[in-house]
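Enquirer: Look at TrEMBL and you will find 30-206 tagged as domain 'BPL/LPL catalytic'. If you look up TrEMBL, you'll see 69, 70, 71, 72, 73, 74, 75, 76, 136, 137, 138, 149, 150, 151 marked as substrate binding site. Among the features that TrEMBL reports, site 'Lowers pKa of active site Cys' is placed at 133. As annotated by TrEMBL, active site, acyl-thioester intermediate applies to 167.
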């Protein structure tokens, strides 16, 4: 199977990246390569298909975008590594539950390298350190292709999470790598290692490409 193409998008607003994900998924054919987009978003609350307005407590000056991913409301912002696996799941022979598990295990493996013991929970997708959430996860499968993905809190401001019930859970504590690792790596290194850990879980190779997946 061909390597997964990795695109480093840098910091981008959420909506153009979401639109590009949908377009790639809708136009995907048998020749479309699998891709992994690594991105850091401007501040935004995203509401999943199961999202309820009452979980948006006081969004204030941070925009709210209703998306087509699974799950409830979450926050994206600077200091957060977001990984979007855009995979032909039929070609790869992987189901949505297995892909979720791979994403969670990749984050757990990355955190273990930093001396952080983390776990997944069967009742709430994502990755947790103790009772605090460090990575949020939401996927969509359409036309046999996956999009959306996982967001890992690295060194960003966590206070916007207090304006929502993260993923629909009132009072859920959030945490980040910078508060837990003795020597936390920078964002670029963290993103690259997350991609490598995910490739290992999927049994795939990676190919880092410089051609932008999303126009500026």
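Glycine residues also receive a Cβ, built from the backbone N, Cα and C atoms like all the rest.
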Enquirer: Let me know the model's mean pLDDT on the domain 'BPL/LPL catalytic' (30-206).
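Expert: The predicted confidence over the domain 'BPL/LPL catalytic' (30-206), as a mean pLDDT, is 95.
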Enquirer: For the recorded positions listed here (69, 133), tell me which residue's CB has the most neighbouring CB atoms inside 10 Å.
Expert: 133
Enquirer: Let me know the largest Cα to Cα distance in Å among the substrate-binding residues 69, 70, 71, 72, 73, 74, 75, 76, 136, 137, 138, 149, 150, 151, as an integer.
Expert: 15
Enquirer: Any idea which of the binding-site residues 73, 150 has the thinnest Cβ neighbourhood at 10 Å?
Expert: 150
Enquirer: Could you state the CA-to-CA distance between residue 136 (substrate binding site) and the residue listed as 'active site, acyl-thioester intermediate' to the nearest Å?
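Expert: About 8 Å separates the two Cα atoms.
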